[in-house]
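All remarks here apply to the structure that follows.
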């Protein structure tokens, strides 16, 4: 090849190199993709990574992360469902079966349950209230000789049988703190003692407790418990007094009157009294030795009863059965949401009829000649 031919060949080679280089620097894919441009469509950055890395590695990472996300979501759904289950209100027919006791009244005309042994499902109730982590309060008054005669046995038996397995606060009202006996309590129980002003007459002691309970609910009890019972001290727990008794407002059937006709009840029959209930009216006769409900409902009960007591004092009259007469008037106008059978406050002097399957709480022997002289 002559010199001219070599020059031409060299120029062609240089031109080709220049063209290739120019295409390379102006191509986003680079020289490798330019060479195979006709076989590879333009792809974005993520697709390039997928092409360069093995599929099994990329998919493995993705599935693992997705699995973790799915597990977290499932846990979240389970937690939300658990919270929803915990706050779902328990329906009456979930735990109550009135047909189990056909021989007695188990449902009122306003559809409130009357709780008798055998009518309730304890397991369902315990499971529900355990999730709620409830605290139940119990107020009791021991004035004068009631401290030495009744207080220790009442609290000791309550420690054993009242709301077992749940937090309980005993609110003990006395006129002499120095006389309160030491009582060893079980787990989940606490004891709070308050000194109250003594009254000259036992009738006034009985009636003034409505005022005192209301004051303590407002001051602290409403922030400390979910439910509250108020009981007389001259009683003894005989068996489990449990969560089947809890409700918005709870009334106790009086053992001596639960089978009587309303016209025979010892309601206050004088028109001058705020506790007046005329003949022909009334549902049941309720015992003031046991009543309860939520703190706000109990506050309303005590405040309304005390208003009636003050009105009677203003009119120089005293209801036949004092605070109990006013309590019966209250429940006539404000129907209780739950009623406890006489099994929950029984007097053994009546005997033990077939209606009474299990005595939960019983009256102590009344020694009025000893304990009512508080002057």
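Keep in mind that glycine also has a Cβ here, set from the backbone N, Cα and C atoms.
Keep in mind it's a predicted model, so treat the numbers as computed, not measured.
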Original post:
Which residue range, 7-27, 28-48, is the one Swiss-Prot calls transmembrane segment?
Top reply: 7-27
**OP:** Measuring CA to CA, name the entry from the recorded positions 234, 300, 324 that ends up nearest residue 257 (substrate binding site).
**Re:** 324
Original post:
Taking the Cβ of residue 254 (substrate binding site) as the centre, how many other Cβ atoms fall within a 10 Å radius?
Top reply: 23
Subject >> Distance from residue 234 (Mn(2+) binding site) back to residue 141 (substrate binding site), taken between C-alpha atoms, in Å >> reply: 10
Original post:
If you skip the near sequence neighbours and keep only those at least six away, which residues in the chain come within under 8 angstroms of residue 324 (active site, nucleophile), Cβ to Cβ?
Top reply: 286, 287, 288
Original post:
In the predicted model, what is the mean pLDDT computed over the topological domain 'Lumenal' (28-375)?
Top reply: 86
Original post:
Once the DSSP letters are reduced so that anything not helix or strand counts as coil, what is residue 254 (substrate binding site)?
Top reply: coil
Original post:
Counting only residues 6+ apart in the same chain, whose Cβ is under 8 Å from the Cβ of residue 300 (N-linked glycosylation site)?
Top reply: 334
